[in-house]
Every structure is written in structure tokens, then in C-alpha cells.
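Sequence annotations record features per position, and here TrEMBL assigns site 'Important for long-chain enoyl-CoA hydratase activity' to B:Glu151, B:Glu173. Residues or ranges marked as domain '3-hydroxyacyl-CoA dehydrogenase NAD binding' in TrEMBL: B:364-541. Annotation comment: TrEMBL describes B:His498 as site 'Important for hydroxyacyl-coenzyme A dehydrogenase activity'. Look at TrEMBL and you will find B:Glu510 tagged as active site, for hydroxyacyl-coenzyme A dehydrogenase activity. If you look up TrEMBL, you'll see B:544-639, B:676-755 marked as domain '3-hydroxyacyl-CoA dehydrogenase C-terminal'.
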Amino acid sequence: MGPQIFRKTSELFLPAASCPRYKDLMPHDLARAALTGLLHRTSVPKEVTDYIIFGTVIQEVKTSNVAREAALGAGFSDKTPAHTVTMACISANQAMTTGVGLIASGQCDVVVAGGVELMSDVPIRHSRKMRKLMLDLNKAKSVGQRLSLISKFRLNFLAPELPAVAEFSTSETMGHSADRLAAAFAVSRLEQDEYALRSHSLAKKAQDEGLLSDVVPFKVPGKDTVTKDNGIRPSSLEQMAKLKPAFIRPYGTVTAANSSFLTDGASAMLIMAEEKALAMGYKPKAYLRDFIYVSQDPKDQLLLGPTYATPKVLEKAGLTMNDIDAFEFHEAFSGQILANFKAMDSDWFAQNYMGRKTKVGLPPLEKFNNWGGSLSLGHPFGATGCRLVMAAANRLRKEGGQYGLVAACAAGGQGHAMIVEAYPK
Amino acid sequence: MVACRAIGILGRFSAFRILRSRGYICRNFTESSALLTRTHINYGVKGDVAIIRINSPNSKVNTLSKELHSEFVEVMNEIWASDQIRSAVLISSKPGCFIAGADINMLAACKTPQEVTQISQEAQRTLEKLEKSTKPVVAAISGSCLGGGLELAVSCQYRIAIKDRKTVLGTPEVLLGILPGAGGTQRLPKMVGVPAAFDMMLTGRNIRADRAKKMGLVDQLVEPLGPGLKPPEERTIEYLEEVAITFAKGLADKKISPKRDKGLVEKLTAYAMTIPFVRQQVYKKVEEKVRKQTKGLYPAPLKIIDVVKTGIEQGSDAGYLSESQKFGELAMTKESKALMGLYHGQVLCKKNKFGAPQKDVKHLAILGAGLMGAGIAQVSVDKGLKTILKDATLTGLGRGQQQVFKGLNDKVKKKALTSFERDSIFSNLTGQLDYQGFEKADMVIEAVFEDLSLKHRVLKEVEAVIPDHCVFASNTSALPISEIAAVSKRPEKVIGMHYFSPVDKMQLLEIITTEKTSKDTSASAVAVGLKQGKVIIVVKDGPGFYTTRCLAPMMSEVIRILQEGVDPKKLDSLTTSFGFPVGAATLVDEVGVDVAKHVAEDLGKAFGERFGGGNPELLTQMVSKGFLGRKSGKGFYIYQEGVKSKNLNSDMDNILASLKIPPKSEVSSDEDIQFRLVTRFVNEAVMCLQEGILATPAEGDIGAVFGLGFPPCLGGPFRFVDLYGAQKLVDRLKKYEAAYGKQFTPCQLLADHANSPNKKFYQ
């Protein structure tokens, strides 16, 4: 086991949902809010922070190092370096583990890690032809050159280029891949709807009981204050059954109701070396005990990261499934979660694709995503990782367990798992 | 290197590729125990849906045979009679194949057109009944759905296909010289519109599932699945079946309409085709085009047009009758026999008769990044072989790398590859100027300039750096391999691999073994060739091997004919109207005049007078003037970038005039000129068999057609002897022998065949 890595409180913020009032914001605004929320909750002195790392997926070109812009805006010392990482839906996980690495290697003692995603406004580019024309115009010296360039302009140059929603290597959207994955594991539409309903019901219950304490209220400039996630909508199976498939039409099984929804959001977390935290008088919340990254075929196994990562991280940490008290898996789609369950429960899959003798084993459902998940709480790509870890830590505290396991899949066929251990009281 | 561009007719033969066997294990899904007596088709019932499963025993593919047909009729009758069953799904249990087509042997066994017509009519009746079925039948298509298989599918009420590369639909009958004889000529025009139906039936092209969906040939697509709780192929078929069942139920419950929404263009086309005048114009245009392309040498396309026309103009009864009759007539034609022979030959040449090599070739190194070297690299990286491309200069290497990239990028433009796949394939290629990494090579193919001392030098250099098991293959078109191998420390590992240019288009690979070449080396070379997608003939070593050796005497005759004052354009038209895809004079330009000269000199020395005829001085003078053919912009013709029409190179007039010889009127008719060329080719081919250069006539035919553009409608030199008659050919040869001498003396084997009419190359 590596050096004891300690993570003090995280207190991330996550007013979810892509509501119209966010559209005037920029990503660093949300990230900054997460940072100030963190400062407020932990009352960590700004100047002791050695480093700041943020994860994000769709980059705003004006703030390509969004971590730095947010940190400056939040009042951190301009002497504190910050960088931004990206790894699709596990970007925040990458931010955390990068921080862990900095602490483990003795570079830093105090790191703030987080993630941000603003889906209400995404960079839409001019077409390649238009960009080329504009760049050439910039370089043109004489009026004649400019005119001849302008004469090359065609109306179709104005067609905009949207950020890609499809996997670059396969040109397949994630929902489409999830539908095929569900079919490959023979996951039915009803099973998916039932699982989605469970997620929404549990999230609603957790929200009502005030368990989602990691949320920081966010005052939208000139508008209302957002105080809670607004995507939690427990419905009925009958209502859900009425929806048409969203990706594979007309016979697919993945619908809007059993998929995670894209939202705006940011998260932040304070990670410290244990001695440092104790020396500063903090009461630690949990250890980030161990972690692993995996990757596999981005076409047919795009979303199977948790299946591959779970046994590896357990083995690495010297634990078994039975040791885990709280599972927090990223719910990209109901079908994805259930396909992962079936894969983990299959000897055949373990033997033929994972090089294992026996199956991974199924996480017990009663310990699984008990406070809802991305299906109900929303999925701001770059920020979700911290939310998962936070939920695991808070659940361990609340429910009295020792180990939590966080796992997530990501575009590119990648995956991540992390072991969280409750700090002894 | 002998570079033959065979375009047009020959290019269409690529459709045969899909008929090649695939290595799938047959499984037998059966649910209903009472029906196990049938061998090709069984069915089970799920709820109120019958699942009809096709699985021909002991075969990698399903073919429409008499047995399959009669079992299908039985099964359908039971389904129609059952009260429990309301709809049906028709699916194959073989993952790579729905139905690959009709059983060719069934047709070949027929002695008269009437027998074939009868087969056609039986199939027509069955499919008509299926089309009118009140219980909807859904065809669930995975893998090749061709010929009779497609005709069966289009008779069903609904079609669902897997969207993968293995799933192709098409009517390749025309490539076998026949027509879709089970109602296809009547149903396809109604289903996809007349123009698209003509395109399908006249080109025989394979249509991928997504394209078929756009055309209206299939109604739904199902994406292939990845690994789950079962192997992907197995689960994908299962999923296809599940989806098909939901549609079958939907159709039976009338919740889904089998009618398809047509697009605007489609509607307009359909409307236009209701106007008799427009229809006549379409027929006329198509017929003109066909006549131009086939030169009237292939009867099938014209009959297809005729049958479609009959159906539309005179009603379907007349159409079906005409279809079955013309089907019978076509199956008995020489052209059809020739084309079916080529099909069989091709299947044969897609097998490795040496068995599996001891070590799989995974790392390939190619010396020389010229046209050939880069072409070989392209077809190798394509199939996942890690390939080193080595050249002596950076410029040469860069050109070669660009050629590979362009070849792949062209596929991206045609949507056959994604740009990502292109990049990932291209990363299999390493371009370099040194021998780094050769220690890992399993095979080295040299494609350096055709010069024995240079080949010796690279062989020695390479042998110093490669591992013991590594095969050294020489891509040469005429230098004897044993001479190249003479300096080798391990001649058992030396072999010839003669590719044809352009390598990515030409399907043939001629593999040359010497006395010393080991069996395992041969097995390795064939395995690599097959991996590269080639049709392979294996021949013995000798000057010019097989292909170049057959071509040389014909080329010598080309020169003589030109010397006799026949204009290159006229010569081209005489050869193309005989069925060669490229005219003889153009061929010289394409091959390269210097190469032709080189080969003519080498083989002239080796074979002496028999290879004489034209004066090699003609080629020498052309080379000295820089008229090297297409590559130098001038040969017999002038070639300009972007200019399609070819003009004669007027500077050739002087050369031709200075070498002019008087024509001999008794052997100078158009037909005689054609036969002077062809008989020399055929005679030399037969001699190669006689001398043991060739192992089988089938390889000789495949080599000639796929490598040299010998008219496919004649089926290759050996099939031609069989169908035309050895005696008649010998008579012709003797006539020319009288005029020109030894060059036309029939070889012994040909004379034997002429003497005993029962002797045939193909029994």
C-alpha cells in the first residue's frame, strides 16, 4: 500500500440541470463557485494550497486552462499553480488521482482537485473552410489579395461545426453504443426502466432526507439561487414505457428516461497528506486508498470500464467484493450499469475477455448507489468523478462502513476505479 | 515488371470475392424435435412466430439446391397449415451467410435448356406463393445474401439485415453468364425501381446493407453486437432473430406496415417510369451502354434487359415465362460455361494446397518503394501485417508512402473505411532507408529494379540481417528465381512472388517455386498472398514463369502486326472486340515499353525462334526516343494529365515506317489478326502445362484471365481450347505456320488434344 493519502472534506457543489439561466455563464464561473464553496466549508487557508487541478471535457477556448482562471477568480494566491486535465467522463477522477500522485511523490501537501462542465454553452466553431479563409485574410497583404480571397467565399462556409457527440474513432454516439451493449448482454427495456426508476427514487429519498449535503447553493447573477439538483424525477414504469428509443430506432431499448442527462456543474475537493491535515488540526473524512485506470475496445466495450477496473483495484488494495460497504458507480445509462452487472456476473465473459478464471462477482444492490446516481442527479462530464467519491465517503460516514468502491466508464473505452476508506472516527 | 491494367469487365470479377468461403463453424439450432428429419431447413415455433432456420450440412455456405428448395416448400406448407402460427422469420444459422446463391452444380448437371427452365419455373412458383403469403414472413439477413438467396429474400414481406461488412446483397448471376431466374428480374424493378434494378442485375455488384436500406432493398438494419454473454457472432444472430420476431408479430398484428416511405427522387423516378416513352428511352440507353461495354461478347446482360422489359411491358406472366426460358438458354451458352469455370477455378486458387505454414507471417519487409513495392505494402498493412517499406532514397520512399496513403484515403472517400481506420491501418507501415527491424521479419519481399546483379546484392544484404526462418520472396516478372537464389545461403527459403500492377486492383498473384524451394516456404508465401486477398497460382520456375511467358509471344506478334501497317488504334479495337479488356497496343504502353523490351530480349534469348516474329528493333527505337508508354507520357499514344481521349503519337510514324514489312494477305483479315494473337498465347499456355510449369489447366486459366486480361468470356486459354475445339485451333495454327513458320507450330499437347477429340482439359 502506498503512502497514506488523506483527503479532507470535499464539499463539492452540484446544482444540476442545464437550465436556461446558466447560459450566460462561462465554465470558470461554475468552477470558481465550487472553489469558493470549498473554501467556505473547509476554511482552509488559501495560501497553504500547493496546487489546483480541474478536469473538464468540452473546453471553452477562452479559458483552456480553466483551473487557473477559476483559481484566480476564487481568490487563491496567484503563486498557486493550476492545471486542467481531460479524460472524458473520468476527468475529475484524473484530477483527483493526479493530486494524489503529487502528494505521494512529495511534490505537494495540499491539493485542490475538481471538475467542471458547462453544457448550456458549448464552443461552436466556424467550418474548416471558413477558418482557413479568415486566417488567410489575416495574412493577406494587399487589397487585391484580400479581394481574391473573399471571392472564394461560398455560403456553405458558414455552416457551423458543433462539438462532436460521437466517439472519434468509431463515429458512434455513446447512446447508440450503450443500446448495442445492452443488447449484447440481453438487458431488456423493462430492466433498464426499473433500474432508472430506482435511481430516481433513491435520489429523491436522499434529497428529501437531506443526505445530499455536498451540494453548495449557487446564486446565478441576476437570477435566482439554485439550491438543489433539479433533475430528480421519479416517474412510473408505465410513463417510462411510453417513450420511444432515443438512439436505435425503432426497436432499441435506450430512452431518454433510462439515460443520464447532461447538465452543468462543478465540483471541488481538498486532498491533503494525512500528517499535514492532522498538523493543521483537521478532522479527515476519508482516505483515497487506491485507484486504477483501464481501457478497452472503444467500439464494442466502450462502457464496460467498471467491470474491468473493479477486480483490478480490489486486488491491488488487497480487498474483496465482500469488504466493500458502499459502491458508487457512474450511471451513464441504465443499460450500461446492467450490462456491467451481467458481465461481472459471467464466468464466460471473465474467461474470454478479461483473462480471469472466474467471474468478478456482482456488487450487492443494497449497497449500490443508494443515494441515486448520474441517471437521476445528472452528469456534468468533467465534474462527476468528485461527486462519486464524495457520495461514497458520505455514505460510509452515514452508514458506518469502512470501504467504498467508486467506478466509472468514459468515452474512448476507458475506465477507472478507486477505493475510498472512511477515516477512523 | 509486367504491369497489366485490366479494367472494365475484369474489374467486375471482384464480385466473386464474396463467394469465397469463410471459416465458420456450422452449428445446428433446432428446437422442434419432430422435424429433425430435414437436413437443410428446420423450424421451431416461438409463441405464434415460426423461426425457419437454414443450415446446409457440411458446408460453410447455404446454397439453393434442389433439396433445400423442396424442404423449404414442405416447411412453408406446414406453416401455412398451422393454426398456431401467424407469422414467420427466415434466418440462417451460419453467421457469415444467409444464402450465397443457387447451387451452380445443379445447373451444370442439366443437359438441356428445358431442364434449366424447369428448375427456374419451380423456383418461381415457390417464391410467388411466398410473396402472396397471408402470414407475413420476415427475412433476417446476416452475411451474404446473393443470387437466389436475394430472390428468396425479396419475395418475403419484410427484410431485416445486419449492418456489417459481411452482409452483402446482390445479383451476381450476370458474372456467371446467367440471369436471376427465380423471379428476380420481375420483383427487383418493382422494389427498387427500374434503373437501380438494372444496375444491380447488369453489374452484379455487391450492395452493403446500409446502401440496401437506402435503396429499399431491406426495411430495417440491425447493428452487429460486441461481446456479451456469448461470442459476438452468435449473439448478433440471436439479436437479429429477436428483432425479426418483433417485426413479424407487428406485421401479423398490422401494427407495422410492410410498405416503405419513398423519397421524393424515388417517387419522381417511379412516376417517370410510368410514361412509356421514358421507359423506352431507358431501355435504349441501358442497352447501348451494355453493347458498348460487352462488345456483344456477353449474351446475359442483353437478355436481362429483354426479360425486364417483357415483364414491364407485357405483364408479369409473360415476364416470368421469358425469365425462365432465357435462364435456360443462357445456362447452356459457352460464355456461361466459361464464366462458371472461372468461378470454380477461383475457388480453387483461394486455397492453400501446401497447408498451414509452420510460422505465421506477422512481420513483413518490402524492399523497394516503387509502384509494385508500395502496392504490395498497401495490400499488406490493410490486412494487419506489420510492414516495413525500405527504399534506397528518401524521395523514393516518400513517393511509396504517399501511394499507400492515397490508396487508403481513396477508400475513405468511397466510405469503405473511416479516416480513423485509415490512420490505424497506415500505422502498420514503417518507412525506412536501412535494415533496422529486419531481424524480426518473417518474410522479405524484394521489389527492386529488374536487374539480376542488383537482386543478388540485396539478397546477400538481407540474408545478413534476417532470422533463419525468414522467407525471401522476389517480385520479378521474368528473372528466373533459381538464378536469383543461386547466391543464397538458404535457397530453400527463396521463392518468387509475382504481383501484378496495380497491386491493389489486380487480384492475381503468381507464386514461383524452384526445385529447392521448401514446402513450408511455399505454404508461407501462399498464406501471405491469401491474406492479401489474392487469387493465387503456383507455378514452376522457368524463364517468364507462366504469365510473362504466355504474354511474350503475343507481344511479339503485336509488333509484327504493327510493322505490317495495322494502326495501333485498329489493333486495339480488334483485341478489345475479341474480349481483351485492354487493347494490345495500349497494353504495351501500360506495361512500359522498356519493360516489354527487357522481357522480349530475355525470353527471346531463352526460347529462341519460337518467340520471334516482330522486330525487337521497334521497341529499342522507342526506348531510345523516350517513348516508354504511359509513364513517360508517350508511347504508341500520347498521355496527358487530365485528358481522357488518347491520341496517337505521330512521332511513331517514322519508326513504324522504317520497320515496315509487307502484310501477307492470306493471314491478315481482321479475324486472322485476332487469332494470330490468341493462338500464340494459347499455344504457349498449353506448352507451359506440357512442360510442367503449370500444375493444372485451372491455374492456367485463372492466371491468364486475372493477370493478363485474357477474355473472361472465353474462360481462359484451356477452357477456350475445350470450347472452341482443339482441332480448329490447330488448323488455324497450321495456317499461320505456313505463312510465318515455327512461331505457330502447335505444341505436342495441343496436337494430342486435336487428334483425340475426347481429350479435354476439363472433363
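For all residues, glycine too, the Cβ spot is worked out from N, Cα and C.
Since the structure is predicted, the reported quantities are computational estimates derived from the model, not experimental observations.
As a summary of secondary structure, the domain '3-hydroxyacyl-CoA dehydrogenase C-terminal' (B:676-755) carries 64 helix, 0 strand, 16 coil according to DSSP. B:Glu510 (active site, for hydroxyacyl-coenzyme A dehydrogenase activity) falls within a strand when secondary structure is assigned with DSSP. Annotation: B:Glu510 are the recorded positions among B:Glu151, B:Glu173, B:Glu510 whose CA atoms are within 10 angstroms of the CA of B:His498 (site 'Important for hydroxyacyl-coenzyme A dehydrogenase activity').
Secondary structure counts, DSSP: the domain '3-hydroxyacyl-CoA dehydrogenase C-terminal' (B:544-639) has 67 helix, 4 strand, 25 coil. Remark: B:Glu151 (site 'Important for long-chain enoyl-CoA hydratase activity') has B:Ala123, B:Leu127, B:Thr171, B:Pro180, B:Ala182, B:Gly183, B:Gly184, B:Arg187 as non-local neighbours, by Cβ distance under 8 Å and separation of at least 6 in sequence.
In this structure, the C-alpha atom of B:Glu510 (active site, for hydroxyacyl-coenzyme A dehydrogenase activity) lies 28 angstrom from that of B:Glu173 (site 'Important for long-chain enoyl-CoA hydratase activity'). Sequence-distant contacts (6 or more apart, same chain, Cβ under 8 Å) of B:Glu173 (site 'Important for long-chain enoyl-CoA hydratase activity') comprise B:Gly101, B:Gly147, B:Leu179, B:Pro180, B:Gly181, B:Gly184, B:Met201, B:Gly204, B:Ala300. Note on B:His498 (site 'Important for hydroxyacyl-coenzyme A dehydrogenase activity'): other Cβ atoms within 10 Å of its Cβ, all shown chains, come to 28. For B:Glu510 (active site, for hydroxyacyl-coenzyme A dehydrogenase activity), the count of additional Cβ atoms within 10 Å of its Cβ stands at 27 [all protein chains shown]. In the three-state DSSP classification, B:Glu173 (site 'Important for long-chain enoyl-CoA hydratase activity') falls within a helix.
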